[in-house]
(Lines of atoms letter the chains of each structure in order from A; the text may use other names.)
(Lines give C-alpha, C1' and ligand atoms only; values in the text may rest on other atoms or scores of the structure.)
Protein backbone atom coordinates (compact mmCIF):
# COMPACT_ATOMS: atom_id res chain seq x y z
CA UNK A 1 0.00 0.00 0.00
CA UNK A 2 2.87 2.33 -0.42
CA UNK A 3 2.98 5.19 -2.88
CA UNK A 4 4.94 4.40 -6.05
CA UNK A 5 8.32 6.12 -6.31
CA UNK A 6 7.38 8.10 -9.46
CA UNK A 7 4.25 9.64 -7.92
CA UNK A 8 6.01 10.59 -4.69
CA UNK A 9 8.56 12.66 -6.60
CA UNK A 10 6.00 14.28 -8.90
CA UNK A 11 4.73 16.88 -6.41
CA UNK A 12 8.16 18.14 -5.26
CA UNK A 13 9.49 18.25 -8.83
CA UNK A 14 6.42 20.17 -10.01
CA UNK A 15 6.85 22.65 -7.17
CA UNK A 16 10.55 23.03 -7.94
CA UNK A 17 9.85 23.66 -11.64
CA UNK A 18 7.19 26.28 -10.88
CA UNK A 19 9.38 27.98 -8.28
CA UNK A 20 12.33 28.25 -10.65
CA UNK A 21 10.13 29.77 -13.37
CA UNK A 22 8.70 32.32 -10.96
CA UNK A 23 12.09 33.33 -9.58
CA UNK A 24 13.46 33.79 -13.10
CA UNK A 25 10.48 35.97 -14.07
CA UNK A 26 10.87 38.23 -11.02
CA UNK A 27 14.59 38.73 -11.36
CA UNK A 28 14.87 42.48 -10.61
CA UNK A 29 17.78 43.35 -12.85
CA UNK A 30 20.57 42.06 -15.04
CA UNK A 31 23.80 43.22 -16.59
CA UNK A 32 23.82 44.41 -20.19
CA UNK A 33 26.95 45.07 -22.24
CA UNK A 34 27.89 45.94 -25.80
CA UNK A 35 25.40 45.23 -28.55
CA UNK A 36 22.92 43.76 -26.07
CA UNK A 37 22.91 47.06 -24.16
CA UNK A 38 22.42 49.08 -27.36
CA UNK A 39 19.63 46.78 -28.58
CA UNK A 40 17.86 47.02 -25.23
CA UNK A 41 18.14 50.82 -25.20
CA UNK A 42 16.74 50.99 -28.74
CA UNK A 43 13.82 48.82 -27.68
CA UNK A 44 13.11 50.78 -24.48
CA UNK A 45 13.55 54.28 -25.93
CA UNK A 46 12.08 53.67 -29.39
CA UNK A 47 11.98 56.73 -31.66
CA UNK A 48 13.19 59.04 -28.89
CA UNK A 49 16.77 57.79 -29.06
CA UNK A 50 19.12 57.61 -26.09
CA UNK A 51 22.28 58.97 -24.48
CA UNK A 52 25.27 56.99 -23.22
CA UNK A 53 25.60 59.50 -20.39
CA UNK A 54 22.60 61.16 -18.79
CA UNK A 55 21.70 64.74 -19.73
CA UNK A 56 22.85 67.30 -17.15
CA UNK A 57 19.30 67.84 -15.87
CA UNK A 58 18.91 64.16 -14.98
CA UNK A 59 22.25 63.52 -13.29
CA UNK A 60 21.95 62.85 -9.58
CA UNK A 61 24.40 64.46 -7.20
CA UNK A 62 25.71 61.14 -5.92
CA UNK A 63 26.78 59.71 -9.26
CA UNK A 64 27.62 60.82 -12.75
CA UNK A 65 28.49 57.40 -14.18
CA UNK A 66 27.52 56.50 -17.71
CA UNK A 67 25.23 53.70 -18.73
CA UNK A 68 28.11 51.30 -19.38
CA UNK A 69 29.33 51.66 -15.78
CA UNK A 70 25.81 51.29 -14.46
CA UNK A 71 24.51 48.44 -16.63
CA UNK A 72 27.58 46.49 -17.73
CA UNK A 73 29.65 46.47 -14.53
CA UNK A 74 26.63 46.55 -12.21
CA UNK A 75 23.07 45.39 -12.75
CA UNK A 76 20.42 47.75 -14.08
CA UNK A 77 16.66 47.67 -14.44
CA UNK A 78 14.03 49.20 -16.74
CA UNK A 79 13.64 52.39 -14.68
CA UNK A 80 17.36 53.09 -14.93
CA UNK A 81 17.41 52.39 -18.68
CA UNK A 82 14.55 54.85 -19.22
CA UNK A 83 16.57 57.65 -17.59
CA UNK A 84 18.95 57.45 -20.56
CA UNK A 85 16.19 57.93 -23.16
CA UNK A 86 16.21 61.26 -24.97
CA UNK A 87 13.19 63.52 -24.75
CA UNK A 88 11.57 63.96 -28.15
CA UNK A 89 12.12 67.31 -29.83
CA UNK A 90 8.87 69.06 -30.62
CA UNK A 91 8.62 69.82 -34.30
CA UNK A 92 6.65 72.60 -35.99
CA UNK A 93 4.26 70.01 -37.36
CA UNK A 94 3.52 68.50 -33.96
CA UNK A 95 -0.18 69.02 -33.34
CA UNK A 96 -0.49 66.74 -30.32
CA UNK A 97 -1.14 69.73 -28.04
CA UNK A 98 -3.71 72.29 -29.14
CA UNK A 99 -2.75 75.98 -29.19
CA UNK A 100 -3.69 77.96 -26.12
CA UNK A 101 -7.02 79.70 -26.58
CA UNK A 102 -8.24 82.34 -24.17
CA UNK A 103 -11.74 81.78 -22.80
CA UNK A 104 -14.50 84.18 -23.82
CA UNK A 105 -14.79 85.61 -20.31
CA UNK A 106 -11.06 86.36 -20.07
CA UNK A 107 -10.67 90.08 -19.22
CA UNK A 108 -8.96 92.05 -21.95
CA UNK A 109 -7.29 95.22 -20.80
CA UNK A 110 -6.08 97.81 -23.28
CA UNK A 111 -2.35 98.36 -23.26
CA UNK A 112 0.08 100.95 -24.52
CA UNK A 113 -0.96 104.17 -26.24
CA UNK A 114 -4.50 102.91 -26.83
CA UNK A 115 -4.99 102.58 -23.10
CA UNK A 116 -4.09 106.25 -22.65
CA UNK A 117 -6.51 107.22 -25.43
CA UNK A 118 -9.36 105.26 -23.81
CA UNK A 119 -8.66 106.88 -20.44
CA UNK A 120 -8.71 110.33 -22.03
CA UNK A 121 -11.94 109.50 -23.90
CA UNK A 122 -13.66 108.35 -20.68
CA UNK A 123 -12.55 111.52 -18.87
CA UNK A 124 -13.87 113.69 -21.70
CA UNK A 125 -17.26 111.94 -21.61
CA UNK A 126 -17.52 112.50 -17.85
CA UNK A 127 -16.77 116.21 -18.29
CA UNK A 128 -19.52 116.57 -20.91
CA UNK A 129 -22.18 115.25 -18.56
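Note: Cβ is positioned from N, Cα and C throughout, glycine not excepted.
In this view, residue 33 (disulfide bond) is surrounded by 11 other Cβ atoms within 10 Å of its Cβ, with every protein chain counted. Residues or ranges marked as disulfide bond in Swiss-Prot: 33-72 (among others).
Annotation comment: Swiss-Prot describes 45-85 (among others) as disulfide bond. The secondary structure of residue 85 (disulfide bond), as reduced to three states from DSSP, is extended strand. Just so you know, the Cβ of residue 85 (disulfide bond) picks up 16 other Cβ atoms within 10 Å once every protein chain is counted.
For residue 76 (disulfide bond), other Cβ atoms within 10 Å of its Cβ number 22. Feature annotation from Swiss-Prot assigns disulfide bond to 71-76 (among others).
Proximity of distant same-chain residues to the region 'B' (25-52), defined by a Cβ-Cβ separation under 8 Å and at least 6 residues beyond the stretch ends, is recorded for 66-68, 71-78, 80-82, 84-88. The region 'B' feature in Swiss-Prot is assigned to 25-52.
Taken from Swiss-Prot, the feature region 'C' covers 53-65.
The site 'Important for interaction with integrin' feature in Swiss-Prot is assigned to 48 (among others); the stated evidence is similarity to another entry. Every protein chain shown contributes to the tally, and the Cβ of residue 48 (site 'Important for interaction with integrin') ends up with 12 other Cβ atoms within 10 Å. Following the DSSP three-state reduction, the secondary structure of residue 48 (site 'Important for interaction with integrin') is helix.
The feature site 'Important for interaction with integrin' is assigned by Swiss-Prot to 58 (among others).
Among the features that Swiss-Prot reports, site 'Important for interaction with integrin' is placed at 61 (among others).
As annotated by Swiss-Prot, site 'Important for interaction with integrin' applies to 62 (among others).
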Subject >> Cβ neighbours of residue 71 (disulfide bond) where a neighbour is any other Cβ within 10 Å >> reply: 24
